């Protein structure tokens, strides 16, 4: 007799959880009870849910489960940054990385959306590793669940252990649209994690059609991985630009802002690489390019990884680039490198997985030819 596959309630959005409970003949309020137990109290079993009837708990035990991803390891940087390697349902060689960055009374969790990445940005370690598959909603929200639970029993009335979530880990979130949206809805729902829409940020390399779709589904904050002031250079650094060039991307960003219920800005992410995109002329070009968009700019000095071929710019060069943009009227921040001693900094996440694209092997072969 074949075992019945249990429904994992961890990844169900509130709407889908209500639908599920109604489908098994239960009242809507039961879904609210269960979602609070899972996401606010960290319950791992139905037996813990003391305000749920014994009969319903027994029923759920038969057909459901609460199963998060498995933590393979946790590393803590000298600056307090934490990195988890998390095993997904794909097996022992399908692991992603999740990073928690503390900063005073803030704690930002960087969440992965894919096992590997389906894009091939030239300066990103994840992209060099290739791609296996998309994460499920349970594997995405499970990263938040794991991070919060790592500090001990969850207390819905205590201080927030995670104040901000950024979809900036491994993978391109908009290439895994539905699971990412479901997970973000859970992050912001009052009965789950209750994060403000301004404190949940999705970062994309520019999957233009999905930006138009995203604003119809949710109103999270949006960040764009731009990294170049023109199409010629961006085509080299961010290959998806060949399909969706900068003008189309900025037009989609403008549409996103115009359709939000409140006034906000887009965050432009720009990784500075020495001798590649960090000269004064390029700073002026970027300032001119972004005049059409309400935005702030986050400069990210490149974080080296083996065989990347790029170098971090000098502090003087970074400050000069920042000043040119600030003088043009932009709010400009320079991201402080955090967690680089445990390979948890921006662009360094690689995980451990089977690469279906053979991209990682191709890069190894290419390096051997050049050496």
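Every residue gets a Cβ built from N, Cα and C, even glycine.
Predicted, not measured: the structure shown is a model, and the values here were computed from it.
The Cβ of residue 97 (active site, proton acceptor) has 26 other Cβ atoms within 10 Å, all protein chains considered. The annotation active site, proton acceptor is assigned in Swiss-Prot to 97 on the grounds of sequence analysis.
Per Swiss-Prot, the feature active site, S-methylcysteine intermediate maps to 346; the stated evidence is sequence analysis.
Residues annotated as [4Fe-4S] cluster binding site in Swiss-Prot: 117, 121, 124. Of all Cβ atoms in the shown protein chains, 26 besides its own fall within 10 Å of the Cβ of residue 124 ([4Fe-4S] cluster binding site).
Residue 172 (S-adenosyl-L-methionine binding site) falls within neither a helix nor a strand when secondary structure is assigned with DSSP, and so counts as coil. Every protein chain considered, the tally of other Cβ atoms within 10 Å of the Cβ of residue 172 (S-adenosyl-L-methionine binding site) stands at 26. What Swiss-Prot lists as S-adenosyl-L-methionine binding site is 171, 172, 203, 225, 226, 227, 303.
Of all Cβ atoms in the shown protein chains, 26 besides its own fall within 10 Å of the Cβ of residue 110 (disulfide bond). DSSP assigns residue 110 (disulfide bond) to a strand in the three-state reduction. If you look up Swiss-Prot, you'll see 110-346 marked as disulfide bond.
Summarising model confidence by region, the domain 'Radical SAM core' (103-341) averages a pLDDT of 94. Summarising the annotation, Swiss-Prot assigns domain 'Radical SAM core' to 103-341.
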Shortest C-alpha distance to residue 171 (S-adenosyl-L-methionine binding site) - which of the recorded positions 97, 110, 117, 121, 124: 117
Close in space, distant in sequence - residue 227 (S-adenosyl-L-methionine binding site), Cβ under 8 Å, 6 or more apart: 121, 123, 234, 237, 238, 269, 270, 271, 277
Binding-site residues listed as 117, 121, 226, least Cβ neighbours within 10 Å: 121
Cα-Cα distance linking residue 117 ([4Fe-4S] cluster binding site) and residue 172 (S-adenosyl-L-methionine binding site), given in Å to the nearest integer: 6
Max pairwise CA distance, angstrom, over record-listed S-adenosyl-L-methionine binders 171, 172, 203, 225, 226, 227, 303: 19
Three-state secondary structure, which DSSP defines for residue 303 (S-adenosyl-L-methionine binding site): coil
